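K.L.:
To start, I am sharing the structure in question, which I have written as structure tokens.
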Amino acid sequence: MMLHGTMTINSRGHLEIGGCDTVQLASTFGTPLYVVDEELFRQNCREYYRAFTEKYGAEVIYAAKTLLTLAICRLVEEEGLGMDVVSGGELYTALQAKFPMSRVYFHGNNKSREELRLALEARVGRFVVDNLYELEMLNQLAGEMHSRADVILRLTPGVEAHTHEYIKTGQIDSKFGLVIENGQALSGVKLALEMDHIALHGLHCHIGSQIFKLDSYAHAAGVMMDFAARVARETGWVPSELDLGGGLGIYYAEGDQPRPVAEYADVIMRAVREKAMTHGLPVPRVIVEPGRSISGPAGTTLYTVGAVKDIPGVRKYVAVDGGMGDNPRPALYQSRYEACVANKAAAPAEEVVSIAGKCCESGDMLIWDIALPRVEPGDILAVSCTGAYNYSMSMNYNRLPRPAMVLVKDGRADIIVERETYADLLRNDVIPERLRKSRRLNVASAR
Ligand code: LLP
């Protein structure tokens, strides 16, 4: 397993993160356990801040969908980034954490009236409007509230990113955004400009996630700037903001070759500036929305090994006490992960095994064919790069409680999400009166 951030192997041969022995973490907090390396999370924020904000005056907004808790909001705020939220729930979290609302961008392809009202009341910095239905509703609501919504319009640039089918978003056949090619984007801009309670500031696109090819970004930036030039010619309105979304890929396993953030910034900014010059337009304020590349490598999940089942000549299954409930990505996207045995982190690999989860699904496999030291029940398995789209996509399938999360730094470990209890699982369950009665009746008639 590649070591990320503050990971080291200590003198006891244990994996350490943020100065904390992970075997100790597992025994103190139980497993499965999400561990977030505060230093690495902050470093990743800073890398973006330096590459985009300090160098180019661009704005970096953290994509909250990858990992969001109250404590995470604090880290993002302290590092000077904004935040991209996509639902009332994410917005509510940011509000409760007292995150500065002027730095919040509200995304989503089907925001409800209630969500829009909440965001208007909270005075979020920008609405990233996805479609005309939303635009009309927002204009009307803002009017009713004697307010004005600051908007950027999400467009579909028709750029195909080289990534998994389910996480591509920039192609024309997409549920997101107004299509440039067929004129919908231009009509959307014209409509927004005519509206009394909409202040249109700019344009947005997002071409996909886990992207390694930077030229996809340069291409998208070019398409957006060409569109800006066309809009300027036809309407006289010049977009002052250009949001190019997120998506920079990270290292999960061998073969992944992420590009440095600084290079990503240079490629994007060069493309935008060149196009601005070509079209005689002012250079817009650029916004980027990284998520995975900030939170992903900062997360590690610890599991306890249970049943080890060898099928001679076929495969050795090593089952852990979590799985698709806390990390649905392998089942959803065939994502690959690396792992190590945290209590034998310095030991050489001895066997090839496959890591299974504990859900009632054959597809609940975390890692196929990984070389590890001999794995035994009770060992602690650490799966790396689980910071993004793990906790945020976790579920209670099979009524497995969600894991706890700890933030580690300089030998300290603080709980930032409590472990769910069985009682939490029942929190919203209700037995209607009629069933309570009928149960008594059934019992009576059975006697
Ligand atoms: N901005 C927008 C508009 C997005 O839709 C996304 C991700 C981001 C920013 C952040 O992208 P990132 O930097 O994290 O790649 N659940 C999938 C990924 C879905 C991506 C959703 N949108 C996965 O686990 O791979």
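Counting begins at 1 with the first residue displayed.
Backbone N, Cα and C atoms are what each Cβ position is placed from, and that goes for glycine too.
Because TrEMBL annotations are produced automatically, they should be read as predictions rather than curated entries.
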K.L.:
Taking ARG285, ARG292, ARG427, ARG434 as the options, which does TrEMBL list with ARG329, TYR333, GLU361, TYR389 at the substrate site?
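P.N.:
Candidate listed by TrEMBL for the same site: ARG292.
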K.L.:
Please identify which of GLY222, GLY236, GLY247, GLY255 is recorded by TrEMBL as part of the pyridoxal 5'-phosphate site containing GLU289, PRO290, GLY291, ARG292, TYR389.
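P.N.:
The one candidate that TrEMBL places in that pyridoxal 5'-phosphate site: GLY247.
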K.L.:
Taking the Cβ of GLU289 (pyridoxal 5'-phosphate binding site) as the reference point, list residues of the same chain whose Cβ is under 8 angstroms away and which are at least six residues distant in sequence.
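P.N.:
Non-local contacts for GLU289 (pyridoxal 5'-phosphate binding site): VAL60, ILE61, TYR62, ALA63, ASP84, TYR105, HIS206, ASP243, LEU244, GLY245, GLY246.
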K.L.:
Out of these recorded positions, LYS65, ARG292, ARG329, which one has the fewest other C-beta atoms within 10 Å of its own C-beta?
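P.N.:
Minimum Cβ neighbour count within 10 Å, taken over the recorded positions LYS65, ARG292, ARG329, occurs at ARG329.
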K.L.:
Quick test of your reading of the structure: among the recorded positions GLY247, ARG292, ARG329, CYS360, GLU361, whose CB sits under 6 A from ligand 1?
P.N.:
GLY247, ARG292, ARG329
K.L.:
Taking only the recorded positions LYS65, ARG329, TYR333, CYS360, GLU361, which one has a CA atom nearest to the CA atom of PRO290 (pyridoxal 5'-phosphate binding site)?
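P.N.:
In terms of Cα distance, PRO290 (pyridoxal 5'-phosphate binding site) lies closest to LYS65.
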K.L.:
Have a look at the recorded positions LYS65, ARG292, CYS360, TYR389 and say which one has the shortest Cα distance to ARG329 (substrate binding site).
P.N.:
TYR389
K.L.:
If you draw a 10 Å sphere on the Cβ of GLU361 (substrate binding site), how many other Cβ atoms land inside?
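P.N.:
Here the count is 14.
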K.L.:
At the level of the C-alpha atoms, what whole-angstrom distance separates LYS65 (N6-(pyridoxal phosphate)lysine) and GLY291 (pyridoxal 5'-phosphate binding site)?
P.N.:
7
